[in-house]
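Pulled from TrEMBL, these are the features on record:
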REGION    1-20  region 'Disordered'
REPEAT    209-247  repeat 'HEAT'
REPEAT    248-282  repeat 'HEAT'
REPEAT    383-421  repeat 'HEAT'
COMPBIAS  697-711  compositional bias 'Basic and acidic residues'
REGION    697-789  region 'Disordered'
COMPBIAS  715-732  compositional bias 'Low complexity'
COMPBIAS  815-838  compositional bias 'Basic and acidic residues'
REGION    815-869  region 'Disordered'
COMPBIAS  845-869  compositional bias 'Basic and acidic residues'
REGION    916-939  region 'Disordered'
COMPBIAS  923-939  compositional bias 'Polar residues'
Amino acid sequence: MFTDRMTLSPPGPSGPPEELQELGFMERPIRRCLKTTEEIDQLTVNEDLNDVERAVYLLSVGQEVQRASVISNLPSLVRQNPAETFRRVVPKVREVLNGATNDIQLAAAASFLTILQDDIILIHTHTYSILKIVLTHLNHRDPVVSSAWLETLLSAINALPRETIKQEVLTPLLYHSQVSQSLQARLASCRILGKVVSKFDSHIVKKELLPLARSLCRDVEPEVQVCMCRQFESIAQAIGVDDTRTELLPELVELAEDEEDSVRQTAFDSIVNLMEMMDSDDRLHVLTPMVMSVCNASSQVDKAITTSLSFRFGTLCSVLAGFLSDEQKRLMLQKFQVLCVTGLSTEGNQMESNDSALIRSNCCYNLPAMLAFVDSARFLLDLYPSFSSLCRDPEVSVRQNAAAMFHQVAKLLGSDVSLIHNELLSLLQDDALEVLDTLMNQLDETLELVLSRGNSLTMDNKLSELLSALLVAEQKVGCSLRWRLHEKTLQRYSCLARLLPGELLHQSFSTRIFMILTTNKVLPVQREAARTFCTFLRYNRKQEQRQEMMEQLIQDLAQGRSYWNRLRFLDVCEVATEIFSRKYFNKHFVIPALELVHDPVPNVRYKLCQLLPRMRSSLHLPADKILLQKLDFCVQKLLCREKDKDVVAIIRKTVLELDKLDLSEPFLKRHEWDFLDQKKEKEEMLLLEMLERHQSDGKLNHTDRKRRDGKTSLSSTKSMSMSSSTAASSSSKETRKVKLSRSRSLSSQPTTSKPMNLDRLLKVKDLGSSGPGKSTKDDSLRTTHFTLTTQSTSSMPVLIRSNTTGLLDQASALEQRDLRTSTSDQRDHRSSTVDQRNHRTSSLDQREHRTSTLDQRDNRTSTLDQRDHRTSSLDLIDHRTSTLDQRVLRTSTLDHKMLRTSTLGQRSKTIDHGCGMKDSQTRKLSINRKSGSFQSGQD
């Protein structure tokens, strides 16, 4: 197959062909190691040496690679043993650096810089030894190495004392700042001068260092002048405000007129940085003319200053606002408008695209300051065209900066925020994801400003346009691969729940968010969608929509066919514990989540086990006792029937976590999130109250008229009832007085009875007062019955009062004797007849109660006068009278019991004849009383 490609020449007389001779190297012996034995012996170090001795040995006889390794490891040696390192290793490093390569020089500069910045050394002598090495190699011929040693020196100045700096640094500084020295040495002198001024007093700086700074400002090289201008700010802080105005400011003004662009730009920047140290005269006579001259200059003539001016424009306008005339303000505004379109077609592309894009980006940065300078009332005329142009700029970086400043512009506009509605739509519909990413950083604040302050936003189709733009932006981000931006977008959209009506939000966003929750495959995006959906559910004020969203979660996720959706429901439950209150979570999420214990997929059961501790912490006894039993049943089932090893491991771990929870702990001892849950529950109650008010607004309008009509009729009936009640009250006062006197006389009598009788009376009282509307009726019946009985028995009050004490004493004696006898109460025929008469008497009392219902009609008419203070006091007296009636009834029941005990005394054989005589008198008195009451009942 390869015959055409490989054709060997015939062997010649001199030996094999040339091709075979070329392949002869393959027969040479292959070198199995990269180093020879001698080289390995040179690289071998005795293992008994410590770190310091090994470093000294390698710096003395080691190779370059070993020396560079020791120098790079110098900071760790200083940390371990600083004294020995500076005594033995640092001198060897100084010897190695003489004539060393650039790599070793850079490694040494980096090591010493690390030692100085980390504050490893605490003795100034060690810093002095480093300073000697740095000053020796500061003027290295390689600029990279020289710059590295310069950074080390600037860091060492902070740790050196003032006298050391004055002797070791300032003396070489005066020499190297001369014009005869190299450019690199003069540049280093400028930076060292700006660093050492902070170590000395203002008098020394003004006397010794300020003349040196002036000489460097007049250097022939523009680079030296630029470097010295950048140090003027630190020098101004060292010498003070007065000396800055008299000494430094004239030098900067002179440099601002230099022929070099870089010098003018640096001087301009330095003057702007020193604005805070200028007084009003300097701002008016120095800064203002210079700024106006820069604004009048063409952008093409002075590119560098134009770029610097575009970055400082807002600051200059804020500082000089009180010193500019109206004409100067107009010129400043015109200059800003020109800067906003620099490099576009209107300018003819005179500047480079990079510089012009930078200028326009700087204008975006200064938009809030310019809006404060112009006033928001003139935004539409003066700044809106420039703002609109920047939001639609062809460069992505410019639009990105405009999106970053959009929320500040909206905040400054206030109620006129609807003016930038189209620009917000343009940024939301931008094709560049970088613009959307920047806009999403403060989108929640922007939407809150737009939707709350835009009064005319809901009057037309602007709101629908904004919602459509938000949906388009989310779909555009969702189709891209930037899932972090998608997560941020969903997080910012959650603020819409507080800003938009629930119905509009439900129609526009809830469906889309739920679709993302069920279809997106990125887990952080799904969790953020779950959080946003739960936020929409919490702030929705319509019960039907809340129910629909909850059913959607349960049917499509908790009971979904895909295990992926069931896992997402558990994620929703995890988010719901943070958003909703415990009460709402326990009512809607706990049971559907616990039902997933029967899920056939182990991943779902595994996720459920992880969620169980959080679910149990939301349960409180005794209110959630049923849910706690279900959760314990779920745990027991997983422990007993689970076969997957991962689920078994996680449920055992979960059981240990559940045992640590104490559900019976008092509320005051719980964590802070219990108080947050209480706050959430109050907010949910307020939302429900707002929902009920919204539903009852229509009903209230319909019932207002009925209330007005009812008030007129009520006033007429009240006047009639007042006239009738005054007549009735005068007639009832006398009866009340009689009742009170009768009840007081009866209540003053000593009474003793059995505990069983009192218990029975209390039971009868409880049964009588069990109904909610029977208490007033019973009181009226008792009052009526008491008035009838007092009229019938008013002729014998003295007999009852005189015999009650004797009868009670006899009853107590008979009860003690009845314990010794075994006779039965049922044999006494007379006692049974007395009981039958008592039963007839009770039936007559019931008839009397029926007749007393006629008096209740008068009570109904008196209920209209309850608001009157006089009638309320009379009702209180009636209540006291009813309580006295109850005492009378109790005394009557005691009389019945004493009659029964007297019949028992007749059957006893051990009772003497005197007791029998007293019992017969007692029976006669009781019969006379019953006959009197029977006769009064017939009357």
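In case you wondered, yes, glycine gets a Cβ from its N, Cα and C as well.
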Query raised in the report: Is the repeat 'HEAT' (209-247) packed against any residues at least 6 beyond its ends, judged by a Cβ distance under 8 Å, and which are they?
Result: 173-174, 177, 179, 183, 186-187, 189-191, 193-198, 200, 202, 255, 258, 260, 262-263, 266-267, 269-270, 273-274, 277-279, 282
Query raised in the report: Going by DSSP, how much of the repeat 'HEAT' (248-282) is helix, how much is strand and how much is coil, in residues?
Result: 27 helix, 0 strand, 8 coil
Report summary line: Across the repeat 'HEAT' (383-421), DSSP labelling yields 33 helix, 0 strand, 6 coil
Query raised in the report: When the repeat 'HEAT' (209-247) is classified with DSSP, how many of its residues are helical, how many are strand and how many are coil?
Result: 32 helix, 0 strand, 7 coil
Requested in this report: Summarise the model confidence on the repeat 'HEAT' (248-282) as a single mean pLDDT, whole number.
Outcome: 87
